Amino acid sequence: AVAAMAPRWAAAALPSAALLLLPLAMASAGLSGYFGTKSRYEEVNPHLVGDPLSLGPAASGSLLPAACAPLQLRAVLRHGTRYPTAGQIRRLGDLHARLLRRPSAAACPAAADLAAWQMWYEESLDGRLAPQGRRDMEHLARRLAARFPALFAARRRLELASSSKHRCLQSGAAFRRGLGPSLSLGSDEVEVEVNDSLMRFFDHCAKFVAFVEENDTAMCQVNAFREGPEMRKVLEKVASALCLPVEELNADLVQVAFLTCSYELAIKNVTSPWCSLFSEEDAKVLEYLNDLKQYWKRGYGYDINSRSSCILFQDIFQHLDKAVEESKSSKPISSPLIVQVGHAETLQPLLALMGFFKDDEPLKANNYIRQTHRKFRSGRIVPYAANLVFVLYHCDQVKTSKEEYQVQMLLNEKLMSFHHSNETISTYTDLKDYYKDILENCHFKEECELPKVNITAIDEL
């Protein structure tokens with residue numbers, strides 16, 4: 001629905017020269033809602049197309065008592081829009097080279113259009129932050145500062161951490177730039193602390209690496225769907241459009257063509273000729289393939305996916321605890337702003353650990369139709385620049401001491417309802433009670449330790 005709206009509100013926001021692109025943009029309008037983890041942030045917040053600094057309709061509904069003041073904001077961000085990885089660029093180059101070798105362009109207009117397309121991606125771009133990614137972060141920083149002015153006021157200390165990946169470090173620096181010179185970081189320079197133990201916990205979890213990351217059988221549902229009837233239909237259709245024998249194509253190459261459509265929209269804000277190969281129905285199939293991978297590798301597929309994130313979950317609550325203690329002792333809050341930049345793979349397991357976007361039935365290769373209205377849609381959860389924000393408040397004029405400290409959680413700048421109450425605000429005590437088991441009994445070292453016996457059966461998970 002968001003994608004279908006795009007042409008209507010895009011026109012008002014664009015200069016006249018850009019209006020020439022609108023017929024082209026309309027061509028991808030039906031696809032842009034299905035790009036999974038390669039989705040633009042604007043897909044979940046369409047009001048930003050017209051004004052990237054708009055707080056949108058969601059900002060007004062806070063339900064907070066007037067006597068509540070924010071004490072601490074803790075944000076876990078995904079990096080902004082990035083270029084494809086070297087592997088994706090190689091596969092795209094391979095597919096493009098095949099089209100260039102086709103003898104008869106006249107007989108196959110789609111292949112001719114794509115052969116004429118300029119292959120501008122180079123392997124050196126390998127997943128780096130695109131200029132749009134820097135804008136994503138700068139604008140996000142400015143919107144958060146506008147929404148929580150007391151926390152982002154001058155001389156408030158900002159703690160900024162990042163994964164060691166270049167795109168995350170650059171995203172952190174761009175976020176800092178978006179705030180301007182008023183915040184204190186200990187110096188005038190942009191300082192981003194590298195913290196892979198929190199932002200790339202999955203790399204440090206031996207059980208996850210052995211049983212999921214490097215275990216071929218762990219992705220059996222993904223592989224079955226890749227070879228299944230829905231993907232076969234898309235494969236045959238694309239082969240036919242390109243006048244290629246179906247044997248010359250595989251699911252990976254079709255996915256690369258689809259992702260190129262997504263990259264061109266996210267990076268350049270244009271509709272690539274690669275988009276013309278796919279209908280909305282094809283896009284839904286390819287989105288499901290992407291979601292299956294996210295589900296089995298980063299979501300609810302195996303317990304270790306989410307359990308490995310408890311190190312980050314507990315760190316969030318340790319800092320919230322500290323802010324509560326400082327407030328009770330009438331001390332200044334030592335860390336009013338904590339912003340950490342990681343990956344879709346950082347956020348997705350954390351949200352699964354907390355029980356969000358869980359469907360009644362697991363995502364499998366054979367239930368594509370039944371999962372049409374699934375909650376687990378990675379493009380809605382972790383698009384580029386996705387952000388999970390905890391805000392801790394101190395409230396005066398309350399009936400009980402328990403109500404003195406309250407918390408809200410926002411995903412992609414929208415308030416989330418807590419599981420235990422179905423409300424968008426919770427007392428801090430109730431929230432901690434609800435997650436008591438994870439806070440007390442989920443220990444990263446023990447969770448991630450490999451069993452002494454060499455077990456390869458995925459059932460162990």
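Cβ from N, Cα, C; glycine included.
Automated prediction, rather than curation, is the source of TrEMBL annotations.
Counting every protein chain shown, the Cβ of Cys68 (disulfide bond) has 21 other Cβ atoms within 10 Å. Residues annotated as disulfide bond in TrEMBL: Cys68-Cys395 (among others).
Over all protein chains present, the Cβ of Cys275 (disulfide bond) has 23 other Cβ atoms lying within 10 Å. The disulfide bond annotation in TrEMBL covers Cys261-Cys275 (among others).
Taken from TrEMBL, the feature signal peptide covers 1-27.
Counting other Cβ atoms within 10 Å of each Cβ, the lowest count among the disulfide-bonded residues Cys261, Cys395 belongs to Cys395. Of the recorded residues, Cys395 (disulfide bond) and Cys275 (disulfide bond) place their C-alpha atoms 51 Å from one another.
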